[in-house]
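Asker: Copied straight from TrEMBL:
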- A:Asp42, A:Ser56, A:Asp87: Mg(2+) 4 binding site (BINDING)
- A:Asp42, A:Asp87, A:Asp238: Mg(2+) 3 binding site (BINDING)
- A:Thr57, A:Asp58, A:Asp135: Mg(2+) 1 binding site (BINDING)
- A:Asp58, A:Asp87: Mg(2+) 2 binding site (BINDING)
- A:His65, A:Glu291, A:Trp343: substrate binding site (BINDING)
- A:Gly134, A:Asp135, A:Arg161, A:Ser240: ATP binding site (BINDING)
- A:Asp241: Mg(2+) 5 binding site (BINDING)
- A:40-152: domain 'PurM-like N-terminal' (DOMAIN)
2 protein chains.
Amino acid sequence: MIEDKNPQRTSLSELGEFGLIKHLTKHFEISQPSTFKGIGDDAAVLDFKDKKAVVSTDLLIEGVHFDLAYMPLRHLGYKSVVVNVSDIYAMNAKPTQITVSVAVSNRFPLEALEELFDGIALAAKEYNVDVIGGDTTSSQKGLIISITAIGEADESELVYRNGAKSNDLLVVTGDIGSAYMGLQVLEREKQVFQVNPNSQPDLEAYTYIIERQLRPEARKDIRTLLHALEVKPTSMIDISDGLSSEIIHICKQSGVGCNLYEEKLPLDPQLISVCEEFNIDSTTVAINGGEDYELLFTISMDDFDKIKGNPNFTVIGHMTPESEGIHLVTRANTKIPLKARGWNALDS
Amino acid sequence: MIEDKNPQRTSLSELGEFGLIKHLTKHFEISQPSTFKGIGDDAAVLDFKDKKAVVSTDLLIEGVHFDLAYMPLRHLGYKSVVVNVSDIYAMNAKPTQITVSVAVSNRFPLEALEELFDGIALAAKEYNVDVIGGDTTSSQKGLIISITAIGEADESELVYRNGAKSNDLLVVTGDIGSAYMGLQVLEREKQVFQVNPNSQPDLEAYTYIIERQLRPEARKDIRTLLHALEVKPTSMIDISDGLSSEIIHICKQSGVGCNLYEEKLPLDPQLISVCEEFNIDSTTVAINGGEDYELLFTISMDDFDKIKGNPNFTVIGHMTPESEGIHLVTRANTKIPLKARGWNALDS
């Protein structure tokens, strides 16, 4: 792979489309038993035997979903895989394969695409998924990444969005809101840089939240952990658009209401201090932020003892009859209807 | 669905991302037994039981793969499905599901997206595939369509690119080159229109080749036909980039050479006369054209009698030992090395 200390710029048209796909994927190894045939034919061939196959797809567009001014291509490649395997984990399934399609304008040299695919390869290794196909082409403007993730699960393992019951507990993994504030810090630094290109940003106070934005991880541990604890969630979703959006998805599809408790929201101390610095309400950030790639799920009250005290989980609310609606219960004990303000790609 | 006689323009941001996906896919029905759960969760769930799953993906970019100046959105939706299911047929498999991701700039009203999805729905019905997922988002420029097609086949049915043997016959379905010349006619009319917007194009002499470009079909009949004839190809590929490119793919992956006979190339009479009008060599068009979505395959010589005289098939050459190379044998009986000049998306 090309090192930064020896920068080169190889024009993509030197390779042509066929050469490019071959070149970018040549180091990708196949490790999943369900991958029967990978890259190199009209289609890949998979064999899930008695398991169910799980399929999810996402499109990432430069200027809409990411900004190359502060997003290194290697991180972007990694994150684009994370975003997709997170959807598979949210089904309580195991990701096994991905396809990767990329469109780039001619301003990208080959070395830039190699960095992107380095990140993709790293994530594929981390999440143990085979890259089984894809497409590379030119774009009129910017970089476009389309990934389809495929996973497998026994039918009995699968968890949908529509299984939550009244009185179930609402649980979230990790902490939330940091990815959003990481983005705010990066946007601010970009503006400073535009005014004064010689400014040296000091980002030490923001390392955690910036990493949550630039280098998120999907919660591959949760499936194993829940299995070990003998807990099967009644519903599950991943937090990509924001906590309130995801809660509303679960409620609408399950036909239940929800009380979410402000005081229970798991916030990182760094997030809280950055919210103070930016004079933004941390609860608003935690609820509407998005891009955390944590898992949100509901469990039966009977399972509470099994997860109690586990540092991976925070009980943040409980489900109610549908007629009671979907509310945030504030620290002052007032109930505010929850709205899906989440990150809406079409507003940007 | 919105009719042209009652044009409306609904801004996409009125619906928001969640409303949009729901709205665009609400008429899509599930008909495949292998679709266990379709749109509406983090991922779709499929069940292929003892069959192999086949997966292929393609990215279509405005200004690179299509021009909305002459490509109606309904046709574009249809064609974007055809392009993908064609890859599944090229594995000798049956397409069963697709995911559809679309990015659009804000200049597209909702009604435009509805037309696109009308075309997608029509093709999904024609090819009997379930739309099981997708993503809609905004783009910085133009329209971007990413489709992943999934199919199924018994292991024994699958045909790869790497099984051609020396002495096998090279067979193509239908006729070739017309889609490319259809594009040339459309490009010419676009230029005429730009000079004189009041010109009324008379396209009657070009109906067939224009339809091949704007409204291609994938060869869903061939799988059934070959099965009925008890012929299993030794290798197969679909013609998207052009005949010469595809022949070279088969030869390289199978480790064989090929003699392709100019006089055998199946050309439509309309194509021949348009090539004369444009003063372009029809053989060059047939070999390098692309986008025909016909199937190219090799069969054992022993199977020749089974396909002889069938109007769907033309034997256009035969495979040779690898050392003999890949050649076009002209009408004058000279041998010219075949080069992959096919439609290269990265040149555009």
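Cβ atoms are placed via backbone N, Cα and C, with glycine included.
Just so you know, TrEMBL annotations never went through curation; they're auto-generated.
Keep in mind the model is a prediction, meaning the values are calculated, not measured.
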Asker: Looking at the binding-site residues A:Asp42, A:Asp87, A:Ser240, whose Cα is closest in space to that of A:His65 (substrate binding site)?
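Answerer: Among A:Asp42, A:Asp87, A:Ser240, A:Ser240.
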Asker: Among A:Ser56, A:Thr57, A:Asp241, A:Glu291, these being the binding-site residues, pick the one whose CA is nearest to that of A:Gly134 (ATP binding site).
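Answerer: Considering only the listed binding-site residues, the nearest one is A:Thr57.
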Asker: I want to verify one value. Collapsing DSSP to three states, which class is A:Asp87 (Mg(2+) 4 binding site)?
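Answerer: SS state of A:Asp87 (Mg(2+) 4 binding site) = helix.
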Asker: What's the CA to CA span in angstrom from A:Asp238 (Mg(2+) 3 binding site) over to A:Ser56 (Mg(2+) 4 binding site)?
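Answerer: Roughly 12 Å, rounded to the nearest whole number.
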Asker: Would you list the binding-site residues among A:Asp135, A:Ser240, A:Glu291 that come within less than 8 Å, Cβ to Cβ, of chain B, in the order they occur in the sequence, writing 'none' if nothing qualifies?
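Answerer: Near chain B, the qualifying binding-site residues are A:Asp135.
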Asker: Of A:Thr57, A:Ser240, the binding-site residues given in the record, which has the fewest other CB atoms within 10 A of its CB?
Answerer: A:Ser240
Asker: Once the chains shown are all counted, how many other Cβ atoms turn up within 10 Å of the Cβ of the residue listed as 'Mg(2+) 5 binding site'?
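Answerer: So the Cβ neighbour count for the residue listed as 'Mg(2+) 5 binding site' comes to 23.
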Asker: Pick the one among the binding-site residues A:Asp42, A:Asp58, A:Asp87, A:Asp135, A:Glu291 whose Cβ has the fewest other Cβ atoms within 10 Å in this structure.
Answerer: A:Asp135
Asker: Over all pairs in A:Gly134, A:Asp135, A:Arg161, A:Ser240, the listed ATP binding residues, work out the largest Cα-Cα distance in Å.
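Answerer: Binding-site diameter by Cα atoms for ATP: 31 Å.
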Asker: Using Cβ atoms only, which residues of the same chain lie under 8 Å from A:Arg161 (ATP binding site) while being at least 6 residues apart in sequence?
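Answerer: In sequence order, A:Ser235, A:Met236, A:Ile237, A:His249, A:Ile250, A:Gln253, A:Ser254 meet the Cβ cut-off.
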Asker: Validating a neighbour-count step here. Other CB atoms within 10 A of the CB of A:Ser56 (Mg(2+) 4 binding site): how many?
Answerer: 30
Asker: Taking all residues of the domain 'PurM-like N-terminal' (A:40-152) together, what is their mean pLDDT?
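Answerer: Summarising the domain 'PurM-like N-terminal' (A:40-152) by its mean pLDDT gives 93.
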Asker: I'd like to confirm something. Which of the binding-site residues, A:Asp42, A:Ser56, A:Asp87, A:Ser240, has a Cα closest to the Cα of A:Asp135 (Mg(2+) 1 binding site)?
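Answerer: Nearest candidate: A:Asp42.
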Asker: Quick check on the domain 'PurM-like N-terminal' (A:40-152): DSSP residue counts for helix, strand, coil, in that order please.
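Answerer: With helix first, then strand, then coil, the domain 'PurM-like N-terminal' (A:40-152) has 34 helix, 44 strand, 35 coil.
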Asker: Determine, using Cα-Cα distances only, which of these binding-site residues is closest to A:Thr57 (Mg(2+) 1 binding site): A:Asp42, A:Asp87, A:Ser240, A:Glu291.
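Answerer: Looking at Cα distances from A:Thr57 (Mg(2+) 1 binding site), the smallest one goes to A:Asp87.
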Asker: Using Cα coordinates, what distance in whole Å links A:Ser56 (Mg(2+) 4 binding site) and A:Ser240 (ATP binding site)?
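Answerer: It is 13 Å, counting Cα to Cα.
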Asker: Reduce the DSSP letter at A:Glu291 (substrate binding site) to three states and note it down.
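Answerer: DSSP assigns A:Glu291 (substrate binding site) to coil.
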